[in-house]
Amino acid sequence: MANLEDAPGTGQLRQELTGLQILLIVLSALIGAGIYMTDVDALQLVGPLGLLVAFLILSVIAACIGETVSHLVQLFPTPNAVFEYVYNFVDHELGWVVGFSYWYAWVTTFALEMLTAASITEYWGLNHIAIGVIFYVAVPVLCIVINSIHVKYFGWIETAGGLLKVLLIMILAIAFYAVAGKYGLGTGNNSTIGRGFVPNPDYTNSTGTAFCMALPLVAWKFGGIESTTMAAFEAKTVGDIALASRSIHWILIVLYFFYTLGVMFTVPWDASDLTSFHPWVNITKAANDSNSRLFGTFDRLDSCNKSTIGVVKGVCNIHRPQDGGPNPDVSGLANFVNAVLLYSVISCGNAALYMASRTLYGLASSERVRRKGISNPVIRYLGSTRPGTGVPFYAVVFSWLIFCWAPFLGFASGGDWPALADMRQFLFFTSSMAYIVVWASLCLAFIRFRSWCNYCANGLRDLDGDSRHHYQDYISKGRIVTKGILPQPLAAWTGLVGCFLLVIASSSVWWNIRPQNGDIGGISDAWSVSVYFLEGFLLVLWAILKVWNGNWNKVWWVSKDRNPSNPEMLRDCIDNLNSAWNKAAEREQQIEESHEFVAWGANGALNGHAAQRMSSARSDLGPTDRGP
């Protein structure tokens, strides 16, 4: 028997997620290759103290962004929130640009996690053919299947996975501290933080340049700190949104801090072969380097040095005799670390596909697409959901297809993998920049929203006299339902300024650096080109949209109401952002009522006909007729 939720092409996501599920889905999306690998790269570039300071700076920026996003999603739990906030409060065309940037960030994250999973298994001796079949075909298909099930069941899968990842990262941190204490690592002659900032001469002799190069690396592991914006609309209540959005950034910072300290104490930071995520230094250089604290005179083919993951090599070679094999006391820990990494990056990739598909669905199903008269069948399908599950299946598949070809570049280049290495660097840095663009845009959206509300404060109070909405709740400190720790708008301004500083710091690869000599040291062309490639592309896209919409000669930001006593424009923005949540809540109530009709009608006078009529009355909606 057909139900309201089975109406084909309703284009409506289901509101089934609890606060705990949202929290753990976001944690699952965040804890991946970033924390386990980019820390080691930053450690090599600027030393232990440099890594610690970079982490603390990024923690402040991430906390400010997290607090700002928390206020926004509690105020407006709308679908495709990143796009809607920027579209309504900053600039219409910029909203589309930022929406694309956010989708790009997640599809590249998915591709990078799959590439990283393949690299991790080299520690266990898998050949390239097996790696290709498993991680470039089988695992992505499994992620598509998981993302295609009902969001309620997907939520529970990711809840269990996210909880397991939190436990594993805590266990790893404790294990690192135990090993460091047993072998006296990080103290005395092995002191880490006490050595200060130490730039890597393979890249630069300038401490400032090395530190600025490390900042974007550390920033990438915070990519997704804003992702409660994507899951918020599928939450059951605003209270569930508040729970996740208020706590996610603080939980993440604490977890990252204790893990990063463990890495600093146990992984030798001054080895010449500590590359993990990026093949910046030729690995043969380290193999022949008698001063290398990882390889030294060790056999390149032994179990430890098969790995391309710096943290695994570092742990595996702890307290290893110069002329002997790996220390048996830590070999088990190295295997455990490798297994944890493998699980984490696959799980993170699965969550990244979820985020990418929801972003693409939101853009394609937007009512603004229909207003432009765009009726392309591809867009129609990308903006639709599967009957019964409420899952944007076509958006899931499309998000995978974009970079599904990238891993096979390694096979195309004869097994030497240089093209794949360049592609991975390019995807990484453009993805990092995409997140930073989104963070800055969200902070700017909140700042303009607060400024607009304060500007029209008297008018908002007057609107409450003839309206059921409580517009005055948006004045000053925001609505009563929003809670946070950091003061606003100071946090939003701090996040915005921090993002601009990160963009400037990214240009450090053009500063006082060592020229590249083959694969030894220096900055690769892929790294150098990717620094501002995405920003340039987004600027061109923004200009094209301005011309296409005929807005090239208008002010670039959303104008405020000219008469603050009659804030019609602000009222419309608030109503539009709230309408999607209200419509979805009504729809969920109708679904529950239809289920009650069916259950009673099976043995009663209605015999289910009322539910059938309710369903048939809605079944003629097209795939994009119910956009956000």
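Including glycine, each Cβ sits where the backbone N, Cα and C put it.
Bear in mind that TrEMBL entries carry predicted annotations, made automatically and left uncurated.
According to TrEMBL, the transmembrane segment annotation covers 20-37 (among others).
If you look up TrEMBL, you'll see 22-455 marked as domain 'Amino acid permease/ SLC12A'. Averaged across the domain 'Amino acid permease/ SLC12A' (22-455), pLDDT in this predicted model comes to 78.
Residues or ranges marked as transmembrane segment in TrEMBL: 49-74 (among others).
For 94-117 (among others), the entry in TrEMBL reads transmembrane segment. Packing against the transmembrane segment (94-117) from elsewhere in the chain are residues 32-33, 37, 80, 82-88, 135-136, 139-140, 143, 223-224, 277, 341-342, 345-346, 348-349, 352-353, 355-356, 359-360, 362-363, 399-400, 402-404, 406-407, 420, 424, 427-428, 430-431, 434-435, 437-438, 441, 534, 538, 541-542, 545, 556: each is 6 or more residues past its ends and has a CB under 8 Å from a CB in it.
Long-range contacts of the transmembrane segment (129-150) within its own chain (CB-CB distance under 8 A, at least 6 residues past either end) are made by residues 14, 16, 110, 114-115, 117-118, 121-122, 157, 346, 349-350, 353-354, 357, 386, 388-391, 393, 396-397, 400, 404, 407-408, 411. Positions annotated as transmembrane segment by TrEMBL: 129-150 (among others).
Annotation comment: TrEMBL describes 162-180 (among others) as transmembrane segment.
Listed as Cβ neighbours of the transmembrane segment (250-269) (distance under 8 Å, sequence separation of 6 or more from its ends, same chain) are residues 23, 27, 30-31, 35, 39-40, 43-44, 47-48, 51-52, 55, 59, 62-63, 66, 166, 169-170, 172-177, 179-180, 185-186, 192-193, 198, 221-222, 225, 293-294, 310-311, 314-315, 317-318, 485. The feature transmembrane segment is assigned by TrEMBL to 250-269 (among others).
Residues or ranges marked as transmembrane segment in TrEMBL: 336-356 (among others).
Among the features that TrEMBL reports, transmembrane segment is placed at 391-414 (among others).
Per TrEMBL, transmembrane segment is recorded for 426-447 (among others). Through the fold, the transmembrane segment (426-447) approaches residues 61, 64-65, 68-69, 71-72, 82, 85-86, 88-90, 94, 98, 101-102, 104-105, 108-109, 111-112, 216-217, 219-220, 222-226, 229, 277-278, 403, 406, 488-489, 492-493, 495-496, 499-500, 502-503, 506, 526-527, 529-535, 538 of its own chain, all at least 6 residues removed from its boundaries and within a Cβ separation under 8 Å.
Remote same-chain residues near the transmembrane segment (490-511) are listed as 57, 60-61, 63-65, 67-68, 204, 206, 209, 212-213, 215-216, 219, 429, 432-433, 436-437, 439-440, 443-444, 446-447, 450, 484, 523, 527-528, 531-532, 535 (criterion: CB distance under 8 Å, separation of at least six residues from the stretch ends). The annotation transmembrane segment is assigned in TrEMBL to 490-511 (among others).
Annotation comment: TrEMBL describes 526-545 (among others) as transmembrane segment. When Cβ-Cβ distances below 8 Å are used as the criterion, the transmembrane segment (526-545) is approached by residues 93-94, 96-97, 100-101, 104, 278, 280, 421-423, 425-426, 428-430, 433-434, 437, 503, 506-507, 509-510, 552 of the same chain, each at least six residues removed from its ends.
Taken from TrEMBL, the feature region 'Disordered' applies to 609-628.
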Contact set, same chain, for the transmembrane segment (336-356): CB under 8 Å, 6 or more residues outside the stretch: 25-26, 28-33, 36, 103, 106-107, 109-110, 113-114, 116-117, 120-121, 123-124, 139-140, 143-144, 146-147, 154, 158, 161-162, 164-165, 168-169, 172, 175, 224, 227, 230, 307, 309, 311-312, 315, 395-396, 399-400
